[in-house]
Structures are given as C-alpha cells and as structure tokens.
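Copied over from Swiss-Prot:
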type: ACT_SITE; residues: K76; note: active site, charge relay system
type: ACT_SITE; residues: S151; note: active site, charge relay system
type: ACT_SITE; residues: S175; note: active site, acyl-ester intermediate
Amino acid sequence: MFEQSISTLAQKLRNKDISSVELTRLFLARIAKLDPQLNSFITVSEQHALEQAAAADVLLQSGKGTSLTGIPVAHKDLFCTEGTLTTCGSKMLHNFVPPYESTVTSRIQQAGAVMLGKTNMDEFAMGSSNENSFYGAVKNPWNLDMVPGGSSGGSAAAIAAGLAVAATGTDTGGSIRQPASFCGITGLKPTYGRVSRFGMIAYASSLDQGGPMAKSAEDCAHLMQAMAGFDEKDSTSADKPADDYLANLNSPLTGLKIGLPKEYFGEGLDSKVADVIMAAVKEFEKLGATVKEISLPNLQLSIPSYYVIAPSEASSNLSRFDGVRFGHRCDDPKDLLDMYTRSRAEGFGTEVQKRIMVGTYALSEGYYDAYYLKAQKIRRLIKEDFVKALEEVDVIMGPVAPTTAFGLGSKTSDPVAMYLEDIYTLSVNLAGIPAMSVPAGFADGMPVGLQVMGNYFAEAKLLNIAHQYQQHTDWHLQTPTMAKGA
C-alpha cells in the first residue's frame, strides 16, 4: 500500500476498498516502526491526523473531495501549522506553536489531505546534508550511513522509506532537488512566486520557494494542483493563473529540444553519475527529443554569488529571533543586550551563526559594494545565461549533484566541500526558473537524480517531461530494502 501512487490510492478511497483512517493508521504504524532509524520526523501528529482522516472519510462517503482527499502527507517543519509545533529544525523555535496556518499547508488541507506530521530539516533550511538539525541528523533509507541531502532531507527520506505518500519541501539553493536525488524520489522547485511563501519561515526571501516531493512526477502534479496560485498575503506571489498540472502529463515529447550545458559535465562530476545522466538523456532521444550542447558560462560564479546573497538575506530575516516575542529566551538575563546576545547564541546552531556573521559582514558599511552589490550583478548575468539558453532549447538537463549521497560526518569539517555539493542547483534559484529532480538510476548502489530545468512558469511542461520518462523507466519505483521490512 505504501508504494502506491496518489491516483491509485484516491481510487481505492473512492471505491471504499480502504478508508482514510485505515490508510493513515498504516502510515503512522510505519513511522513508529521505521523512523527511529531514520529520524525523518520532528513531530508526528497522530491524533490530529486521525481526526483529519475521519473527516476525509465523511467527505468521500458523500461523493465529494479532490484527488488528495484522505491521502496522508507530511510537511517540512518550516511551514507554519496552526496548533502544531513548528521548529525550523532549531532550538530557537523548539517551543513555537504558530497561531496561524501557512498558505501552502492550508491549501493542501483544504484539498482534503491528511497531515501525518512535520519533517526534519537543516536548521532554518541552511545545509546540504540534514546534519545541521537541533533534532539530530536524518539518515538516508538507502544506506543509513549516508546523508539524505538537505535541507528537505526529512521529507525526502520519509517518502523514500514509505512513511508518507508525498510531502512539501522548500528550495533556496537546491533543498528540494538535492535530497530528492540522494533519496531516489521526484521533487519540483517551482518558478519563484508560483507557490506562496506566506507562513513559510524565511531563510533568503528572494530565493526561497516551496514545492512538492513525491515518488513520481504525477504525484508531484497532484500536489501542485493544490499548492500553486496567486496569494494576496504574499507580496512576491506571481499574479498569474496556475496551470492544470495533470492535463498534459501524457503529451508526447516528439520534437522536444534538450540542452546539455557543458559546464555541468566538467571537472568535479563523478564519472558514474555522468554515465547515469547520459543514459537518461538517450532515453529522451528514443522518445523523440533532440539534444544539443549549450553553455551557461557563469555557472562557476553561482557559489560565490549565492553564498553572499543568501547569508545577507538570512542575517536580516533572522534578526527577528531575539528572545523578545517568540522563540528561545535565555535564563536570567542581566539586561536587554545580554538577553539578545545569549538568546541568539544559545538558540542558533553553528552553521546558522556562521551564515548570519557572513551576511552581516557582506551588508556592513564599506563592504556592501564589494560583496553584496557585486553578487547581485553576477546574479543578473546568471539569469541572462538561462534566458539566452532557453531561447534555443525547451529544457536544460544535467545532474542534480556532482556525487551520490556522501557519508554522514564526511564533509561537516569542510564547508567548501559541502557548499560545492550545490554547484548544479544554486544557479536555478538565482535565476528564479523552475527545475526538477527525477530518479534516473543508481551509482554504487545509491540513487542519482536527473535535473530538468525549464523556462519561467513551465512547471506543467517539466512534469509532462518527467512523467513521460517515468512511463518508460522504473527508477522512481525502486524501494530501499529497509522500507520493505515494515
């Protein structure tokens, strides 16, 4: 049951082959059995989930509901959920229960989905390995000694292990795509502004974007149907009608023009990962696509640009956590300054403190022009590279990450090695375009994701491309051994 698609489960719920309460209990039992090994959930909301499932059953009984009604999903723990702990993976918010619901979780709830709980993540979404969480590292279900990727590692691991049918994630520099690649699932980072950021705790406001994570492109499309669309509560929301993401999944790919950026296949890319990606591209050629080499000349500049812009925005966003209104407050402060200083020192982990310091430095007088302004100019060049390339081709393909999942603790002492894991994903966020990670095979027994990048608001096209690939391959149907034992 845990391996079945949203469409199949929705049909079973409609036919009364199973009730939402039974389905929810099945997933809660799997979480109880398997998650102690994975640590993919921070909060499991058992009672709330069963209440939602019972309400979904009543709705289905009357012949109403959507394709998500009664389907058990999980949410990354930076989406505010009214009445349910929302920690952002940080000690700073270890006791924060939001008084309101984020737009993303609200829309999925209105579609009738059941919330199993909140998934683990790198603290304030800062990390590429899910080792920066106050609640402990998440393990990769394919190999418990490996990282699941970050920062949405809990969501990716939970789906791969069959602890949730689908989940929400967020992507600031690859945080949906990289864990999706490492855990062998499908993930979509939408165009900036396509999915509301209201109630999504901010890391870097000009880069953050919520998106769906699931086993397949079709399941991601079901989630996008609920998530996408204009939201007046979010000033960065795109006032443009959302597409029907399910309507064109079966469109043929004949004549599709694929660009392969030479910069994505150079030094640093593991040769076994490259082989998997090229085999996937050949599959697209069989489906009627044509392939040409393109260039994104400023790719190498995406890391220095991103690691100035994102920490700068984070230092501003995270200044609100000072021990006054909400979040962690130190014991017995001597005065106001002592309370600010100690609350932040105690509440934030090392990586978050590091990025706040970098951002504050980059924005400080005398350095703003040298760092922040220059990084924004580079960002413009990167965006222009994509715009130019997407005039020649329909989509751009390449690897999501230079390697498969790496060992827990293997890169924590080398921040540059950790940051280089994001080399192929950061530029997409800087440009604001949509991109997906699609399971494409294995290297040394670990999953490899194919990255598919498209033009602004072309999510429906990306989902169509990924779905057609998944109709002719079965990489997305592979299940880790540990998941089969429950």
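In case you wondered, yes, glycine gets a Cβ from its N, Cα and C as well.
Annotated pair S151 (active site, charge relay system) and the residue listed as 'active site, acyl-ester intermediate', C-alpha to C-alpha distance, rounded: 5 Å.
On a Cα basis, K76 (active site, charge relay system) lies 11 Å away from S175 (active site, acyl-ester intermediate). Summarising the environment of S151 (active site, charge relay system), the number of other Cβ atoms within 10 Å of its Cβ, over all protein chains shown, is 34. Around K76 (active site, charge relay system), the C-beta neighbours below 8 angstroms that are at least 6 residues distant in the chain are K118, T119, M121, S152, G154, S155, A167, T168, G169, T170. Taken residue by residue with DSSP, K76 (active site, charge relay system) is part of a strand.
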